[in-house]
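K.L.:
Take a look at this one; I'll ask things after.
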Amino acid sequence: MYGCLFGFFYFFSSPFIGKTIKPSYSNFSRWYIVWILVAAVYHLPSFQSMGVDLRMNLSLFLTIYLSSILFLLVFHIMFYGLWYIGLVSRVAGKRPQILTILQNCAVLSVACCVFYSHCGNRAFLKERPLDRKNSNWFNFWKKEDRNTWLAKFLRMNELKDQVCSSWFAPVGSASDYPLLSKWVIYGEIASCNGSCPGSSDEISPIYSLWATFIGLYIANYVVERSTGWALTHPLSVKEYEKMKKKQMKPDFLEMVPWYSGTSADLFKTVFDLIVSVTVFVGRFDMRMMQAAMSKVDDDHHKGDILYDHFNEKDDFWFDFMADTGDGGNSSYAVARLLAQPHLRTVKDDSVVRLKRGDLLIIGGDLAYPNPSTFTYERRLFVPFEYALQPPPWYKAEQIAVNKPEVPDGAELKNYKGPQCFVIPGNHDWFDGLQTFMRYICHRSWLGGWLMPQKKSYFALELPKRWWVFGLDLALHGDIDVYQFKFFCQLVNEKVREDDSVIIITHEPNWLTDWYWNDVTGKNISHLICDYLKGRCKLRMAGDLHHYMRHSHTHGNSEGPIHVHHLLVNGCGGAFLHPTHVFSKFQKLYGVNYECKSAYPSFEDSSRIALGNILKFRKKNWQFDFIGGIIYFILVFSVFPQCKLNHILQEDTFSGHVKNFLATVWNEFIYILEHSYVSLAGAIVLLVAAYSFVPSKLSRKKRAIVGILHVSAHLASALILMLLLEIGVETCIRHNLLATSGYHTLYQWYRSVESEHFPDPTGLRARIEQWTFGLYPACIKYLMSAFDVPEVMAVSRSNICKNGLESLSRGGAVIYYASVFLYFWVFSTPVVSLVFGSYLYICINWLGLHFDEAFSSLRIANYKSFTRFHIRANGDLEVYTLAVDKVPKDWKLDPDWDGETKIPQQLSHLRKHPSKWRAVTSNQDPIHTVKIVDHFIIETTQNNSSNSNTQKNDIDTVLQTDDSDRTVQ
C-alpha cells in the first residue's frame, strides 16, 4: 500500500518538481498533493506503531490556519477601508493577492505545529533571576562545563527541553498583561504535563508564537504599503541599476500547449477553424476581395503585387523561414541569426562567412495557435523586435497609409536595409485573414525589416533573371482564379524563356498529397506544368516543421522535369515535426526525386518520438483536466466495490492476480449490461478515438485502431478503480478508516483540546456566542473536508450496507467527490502513459499522427532557416543553417548595451543589433549555428535549349581546397 500510494503520488507530482508553471497549476498541485497525501498517510499503521500520532498536529494546523486566514482577511479589509477614506498612502490601494495570504497562513501554521511537536504547549513557570542566569543555555559553551554539555547533547531529550525552556518559554503570564488576560490561550503546566488540578497563569507559547508572526506580517505590510519602501535598501542607486541590468531577461512565451484542457486559445482556435471551414470556404475569400481592390490589368497598380526594385542589385542575398511565432525562445533564436550582419560557420573544414539577407521571406503560420492581437504581438513581433529593433520614430499602433513607407522618403530601390515579404499560412487564415492584413499588409515594420507588401501574395523580380512567386493557398490548398490569372499573365509578359522561378507556398503539397494519398493544388500544377514549363527551379514551403530537400534524379522519369528541387523548411520557431514519416516519398509530376538532406535525420526523428512514452505528461500536464475526468466517467458506475473477499482472502499471489483480473473483466461486462454513465462515456470515447485516427486508413482499420485504443484506456481505468477500492477496503478491515463517522478528527481534537490548551476565561465559549456557532462549525467541517479518506470510507460503508439509495443527493455528491480526489491522482499519470504509448506506436510503427505525436512533445530545438546567394554568374547558392539546441535562458547582451547609440540610427546599421544573448556564451545560436545542407542551382544559359537546361541544372556541392575561403 505504501509503495502504490507514494508511487502514484510521485508520478502525479513529477512534472512540477523543481519548476514553476504558469498559470499556477503547479502551485495548486503542490498543495493538493500535500493535502491528499497527508490525509491518507496519517491513517496508515506504521506511523502509529512508531508512536507518531499526526492527529494533534493536523488538527492544530487546521485550527491555526483557519484562524489566521480570518484574522488577516479582517485586517486587510480594515486597512483597505483606511486607504479608501484617505488615511493611509495611495500605495496601500494595491490589493493583496489571496494566494499570498493563504501561503503566509500555511507557513505560519506549519511553524506553530513544528514548535508544538518539539516543545508542546508547556508553560514553564518563571524562575528567579539568579536561577535563570545559572540555567542559561549558553553555559554549555563554558570550558568547565564541556563534559556536561556533551552529556546533555547525547541526551537529546534533555537538550530539547533546555532549548524550549530557555529560548521560547519566557513569554510572560496573564498577570503581566491584564488587558489581554481574557483574550489569550493558556499553556499547560510543564511539571504536571497537563494532569495538575487548576490551570496555569502562563500564556501559551503557541499563542505567543502565532501572535508574533501575525504582528510581523502586519508591521511589514503596513510599512511597505504606507511608505512605498521596503524595510531595507542595502544598495546604492547606481549599484541597484547595474544589478537590475544583470537580472534583466526577456519575457518570452512558452510553446503552445496543444493538449491543454484549460487553454482558451485552443478552444478559440477550434471555433475559428469550424467557422472558417463551414461558413467562409467556398462562400467568401479575402483573396477575391484583394483582387477586386486592385486593378491588376493596370500597370500602375501592379506595384501592389509585383516588386522589381531588387533586380539591379549586384551581390544579392535573401533568406527564407516559415512557421514562427510559437515558443519565444525558438522564435528569437532564429530571428537573432537572421538579424546578424554576418554569420560565421564552418563548411568542409573551411570558414564560411554569410552576409545577412537583403530580403527575408516568411512562408506563413506567423503565430500559434490562432491569429489574434495577442499572439501576433507577443509571439511574432516581440522576438523579431528584440532581434532587430524598428526605427526610433516607428509607432506600432500606427496604420501604414501609403506603403512602402521608406525612411527619409527615399525610393524603395534605394533603401539599403533588409526587407520582408510574407505569405499567410493555414493558421493565419483561421480568422479570415483579418489579423494578417492588419499586422502585415497595413504595417511597415517587422522589427527592423521594412515590409513594402500590400497583399497576401506577391511576385519579386530578383537579379540575374531570378523570380520569386509567393502564393496564398488560404484553407483551400490551392490558389484562386484571380491569383492564377495574375501569375499566368506575369509569366507570359515578364518571365523570359531563360529565367528561373522560385515558387513559395505554405503547404508542401508534394509531401502532404503523398502522405494522404490525395491530389491538391491543381491550379498550381497547371501554372507550373503548362506555363512555366521547366523554369521552376525550386519549390519551397513550410507547414511541416522540419527541413527536407528532394532533387530530381536522371532515371526512369515519365516526362519533362517541371520542378528541379523541392525544399521544405518550417523550422522557424514552431514545434518539431518528424522526417522519417516522409522518407519514402519519391515521385512528383511523373519525375523521380531523391532525398538529399533531412534535418533532423531519419534516425534522430524516430528516436525523438520515444519521448511520447517518457515525457508526454511532463510536457502536457494540462492534459490532466481531460484525462482525469474521462477515466473517472469510465468507472463512475462501478463505484463502490463491496465484495472483495475473493481477492483479499486468497493464499497465493497467482490467486490474487487471477481473481483481480477476473473482477476487472466482470466489471467490464457490468458496464456493458447495466451501466448508463460509464457506458455512455465509453461510447463517446470510442467515437472520438475513431475520429482521431487519420482518414488515410480504411474505415475497418480505423475502427480496429480506435477499439484497441479505447480498450487500453478502459482496462487501465478499471484496474486503477479496483486498486483504490482494495486499498480502502483493507484500511476498513484493519479499523484504520470508518471507525466513528464523518467527524472523527474533530471529535478527537475536541476531546484533547481542553487538556492541552486550557481556557479558564471561557474565550472559546465567547467566540462561539459572538459568531453564532460558526467558530466550531467551520473548524469541524474543515477537518472533515481535510480527512477525505475517512469521509470516503464512511460513505462507502453506508452504501455497501444499505445501498446507494440510503444516501441523500448531497451525501452521494460528497462520496463521489471524495473518490474523485484520489482517483484523479491515480489516473492522470496512467492516462498520459497510455495515450503517449499510443502516439509512439502510431508514429513509429504505423506512420500515423505525425502532427499529433510531435506537437505533444513541444520540441523547441532543431531550428533552421535557408539563406540564398545569387552569384555573379547567376547561379543560386543555397545554405541551410541550423541550431540543434535552443537556449532557454537569455541575458542582456553587453555588446549591444555598450555599443554607441546614434540618434535616429536604423538598427540594421549596428554591429550588434540583437538585445539578448544566451546566458551561456557557448550555447548562443551565433556560436552553435551550422550548415546542414548546401547546394547550387545553376542558372539557365541564354543559348541553351530546354532539354539542355534540364540536363545542366543539377546539384553541385561547393568544393574547395582553401580552408580559409570566405563567401562574401
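Note that the numbers count up from 1, one per residue, in the order the chain is shown.
Quick reminder: no glycine exception, Cβ is built from N, Cα and C everywhere.
TrEMBL lists 320-520 with the feature domain 'Calcineurin-like phosphoesterase'. Sequence annotations record features per position, and here TrEMBL assigns region 'Disordered' to 942-968. The transmembrane segment feature in TrEMBL is assigned to 28-47, 59-86, 621-639, 668-692, 704-724, 813-841.
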K.L.:
Can you work out whether the transmembrane segment (704-724) touches the transmembrane segment (621-639), with the criterion being 3+ CB pairs under 8 Å where the paired residues are 6 or more apart along the chain?
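P.N.:
Counting Cβ pairs under 8 Å, at least 3, so yes.
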K.L.:
Is the transmembrane segment (668-692) packed against any residues at least 6 beyond its ends, judged by a Cβ distance under 8 Å, and which are they?
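P.N.:
That would be 630, 633-638, 702-703, 705-707, 709-710, 713-715, 718, 852.
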K.L.:
What stretch in 28-47, 59-86, 813-841 has the biggest tally of Cβ pairs under 8 Å against the transmembrane segment (621-639)?
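P.N.:
Counting Cβ pairs under 8 Å, the winner is 813-841.
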K.L.:
Is the transmembrane segment (59-86) packed against any residues at least 6 beyond its ends, judged by a Cβ distance under 8 Å, and which are they?
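P.N.:
Same-chain residues near the transmembrane segment (59-86) but 6 or more away: 92-93, 95-96, 101-102, 104-106, 108-110, 112-113, 116, 206, 210, 214, 217-218, 221-222, 225, 745-746, 748-749, 778-779, 782-783, 786.
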K.L.:
Please work out the mean pLDDT for the residues of the domain 'Calcineurin-like phosphoesterase' (320-520).
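P.N.:
Here the predicted model's pLDDT, averaged over the domain 'Calcineurin-like phosphoesterase' (320-520), is 93.
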